[in-house]
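TrEMBL has this to say about the protein:
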{"type": "ACT_SITE", "residues": "LYS52", "note": "active site, proton acceptor"}
{"type": "ACT_SITE", "residues": "TYR273", "note": "active site, proton acceptor"}
{"type": "BINDING", "residues": "ARG151, MET321", "note": "substrate binding site"}
{"type": "DOMAIN", "residues": "252-378", "note": "domain 'Alanine racemase C-terminal'"}
{"type": "MOD_RES", "residues": "LYS52", "note": "N6-(pyridoxal phosphate)lysine"}
Amino acid sequence: MELVTTAFPPSCAGWPASRAGAVLSIDLAALAANYRRVAALAGGAVCAAVVKADAYGLGVAQVAPVLEQAGARQFFVAHVDEGLALRAHVSAGAGITVLHGPRPDAVTACLAAGLRPVLNSLEQIGWVRQAARAAGRGVGVVLQLDTGMSRFGLSEADVIELASTPALLEGLHVELIMSHLACADTPADPANAMQAACLRRLAALLPPAPLSLAASSGVFLGPEYHFDLVRPGAALYGVAPNRESPNPLQAVVGLRAHILQMRTLSPGDRVGYGLTWQASAPRRVATIAAGYADGQARHGAGRQCAWFKGICLPVLGRISMDSMTVDITDVPEGQLEADSMVDLLNPTYGVDALAEAQETIGYEILTSLGRRYHRVYTGGGQATACSQAGEGARA
Ligand SMILES: *Cc1c(COP(=O)(O)O)cnc(C)c1O
């Protein structure tokens, strides 16, 4: 296996990336390709793009324009604040929907910015209905129904109340009725079909509106889950839709850390806080510049590898705040130098593989990525080489 270097322009090895501990590369061409792939799979359904949590940690300012360029016209965020921030990065005609909807004091800010609220409860419907009446105009909204996850959305009893009291929706234009799948990453789970049937049954009680159920994994369940609009997030960023088939999406994220120091251990030498790892034979080790403050889960040690030319470099002992120590014994002597870099994420060891080592999911790997990596956006058609990113581009 060769070290895959495509995600890292050669200039990234130098200034200013050398001032940071590690370089995070984000491949905007892969992002756009993933959007187009999911959109094609969704067939006639509108393919929105979910960019909550700073586009899953990848930077909404860089990610949203690329998704819009690739064809996205509808964006979803979680909070009103995220919607306000997104406004600056998409064209005026782009739709922004706020999944959590507004709390009472945020209704005005939400509507003033043209953010479309998802309404999850009768109380929330009431707050926005009052605001619509006060403003003397109709307001476009999304209704979310709870079809089994017990997380967000109107209950069956709420839906029946809305159906029997149409005045509760006065001034509100229901533009979409949505729900969310709890088990979409497990295609055989019977809960998927039950939730789809529940959405159809409850929506039939309400004024007719387009329907939406699928997030990333749901799109891959098949057309009976696509309805009128799909809401992928993770798939755009390269996370596998399920564990049952090979990941059809392109890797978006790469992470390469500087070696800070190398040493040779004798049998009996120990490594790291708590001296929890002990060499039983001579080992060569390297301390690399990424730690738990950079999103490298402290409990990931012991199962996680760094990589050099396809060789696994196991993490030894506990991960520190700013560094971790890896075993480089298997790398032929002379290939790693005091200033070399090793991969923590690359196209062959991606977010899903790292997530498995850390006993979490790719989503958590992405959203935990640290803020102090030097970030390089490639493939976006703009100046993306490190040297052009310039001083202070991203601290
Ligand atoms: C986060 C979220 C999505 C996107 O989910 P992915 O699994 O990342 O595609 C879609 N819909 C809702 C309601 C969400 O909260």
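Heads up, the Cβ atoms here are built off N, Cα and C, so glycines get one too.
Taking the recorded positions LYS52, ARG151 in turn, the residue surrounded by the fewest other Cβ atoms inside 10 Å of its Cβ turns out to be ARG151. For LYS52 (active site, proton acceptor), the nearest of the recorded positions ARG151, TYR273, MET321 in terms of C-alpha separation is ARG151.
For the recorded site, LYS52 (active site, proton acceptor), the DSSP three-state label reads helix. Geometry remark: TYR273 (active site, proton acceptor) versus ARG151 (substrate binding site), CA distance 39 Å.
Classification of TYR273 (active site, proton acceptor) by DSSP places it within a helix. In three-state terms derived from DSSP, ARG151 (substrate binding site) belongs to neither a helical nor a strand segment and is classed as coil. Confidence annotation: the domain 'Alanine racemase C-terminal' (252-378) carries a mean pLDDT of 95 in the model. Counting residues of the domain 'Alanine racemase C-terminal' (252-378) by DSSP class, helix then strand then coil, yields 22 helix, 49 strand, 56 coil. Other Cβ atoms within 10 Å of the Cβ of TYR273 (active site, proton acceptor) number 11 in total over all chains. If you take the C-beta of MET321 (substrate binding site) and look for same-chain residues 6 or more apart in sequence within under 8 angstroms, you find GLY291, TYR292, ALA293.
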